[in-house]
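Taken verbatim from TrEMBL:
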- 14-36: transmembrane segment (TRANSMEM)
- 48-69: transmembrane segment (TRANSMEM)
- 89-107: transmembrane segment (TRANSMEM)
- 119-138: transmembrane segment (TRANSMEM)
- 158-181: transmembrane segment (TRANSMEM)
- 165-250: domain 'DUF6534' (DOMAIN)
- 202-221: transmembrane segment (TRANSMEM)
Amino acid sequence: MAEAPDVELLFGPLLIGVLLNTTLYGVMLVQMLMYFTRYRRDRKWFRLLALYLLIAETANTIFDIGLIYEPLIVRYATAKALEISPLMLRPDAALTVAISTPVQFFVAWRVKALTQSNVLPALICILSIASLVGGMSVTVNVSLQPEYADFPNFNPYVITWLSTTAACDVLLSTALIHSLYTRKSGVTPTDRQVDRIIRMTVQTGSITAIAALLDLFSFLFKPKTTLNFVWDFPLSKLYTNALLSTLNARPWHEESLRDTMNVLFEQTPTGSSSATVCPTRTKDSSY
């Protein structure tokens, strides 16, 4: 006879993960409001990306609430709740990579603009695409084999998804930090801003990479529990909030009237040293 699952380790992590997800969703809504209010003249595709992330994150949050409602309410006190994963758990991995991949591509675009190199952005995009394929494969396999007992069968797909997304985040952070560090000009206000952006890059890149690795290790080494979902459910929100915090760090409105700039989004000069920070800026700070 199969060993009965530990109810606390089965549903507890799911509930904690959903609570973290919804909390970060609230943080994201505040950041979205700030972005759409402040940067009305931003590039159209910036705003479309933000809108896409808002829609995708809303769907992700609805699914997460539904997946904990199903076993605790609809299937309460039934054997099915302990054996078969919730229906709304199945799109989780696909939705997560559908959110993380555009964010990683966006940052890869900034790396290309800052470094004028095609190699690093290409490697970043390859890792991101591998993560996308891995995440989609997880959703397909969970849909075909929804029993908790079958989850260890998905190890190759989970490893592909989470290891490549963590590697992508580390590479993104390293590339941004290096390119920003070399752009220090010796001008105190500009260098101070560069240092601030470097700190933010380290924090956001580290958080997403660590969360992905914790998700992976929990899945591999605690197979009879759902501990991995404590890290898995908030993962997409970490990517979206990281991107929005970067976009919202740019000068806006009254700030744009002062001689300030965000070196991460400056127009990269051509034919000059990458360590030179252009001291002029356009009236529209939306670039």
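Any Cβ shown, glycine's included, is placed from N, Cα and C.
Nobody curates TrEMBL annotations by hand; they come from automatic prediction.
Only residues 6 or more beyond the boundaries of the transmembrane segment (202-221), in the same chain, are considered here, and those with a CB under 8 A from a CB of the stretch are 100, 151, 155, 158-159, 162-163, 165-166, 169-170, 172-173, 176-177, 227-228, 230-232, 234-235, 238-239, 241-242, 245-246.
Outside the transmembrane segment (14-36), and at least 6 residues removed from its termini, the chain residues within Cβ reach (under 8 Å) are 42, 47, 50, 54, 57-58, 60-61, 64-65, 67-68, 71-72, 226, 229-234, 237-238, 240-241, 244-245, 247-248. Confidence across the domain 'DUF6534' (165-250), taken as the mean pLDDT and rounded to a whole number, stands at 84.
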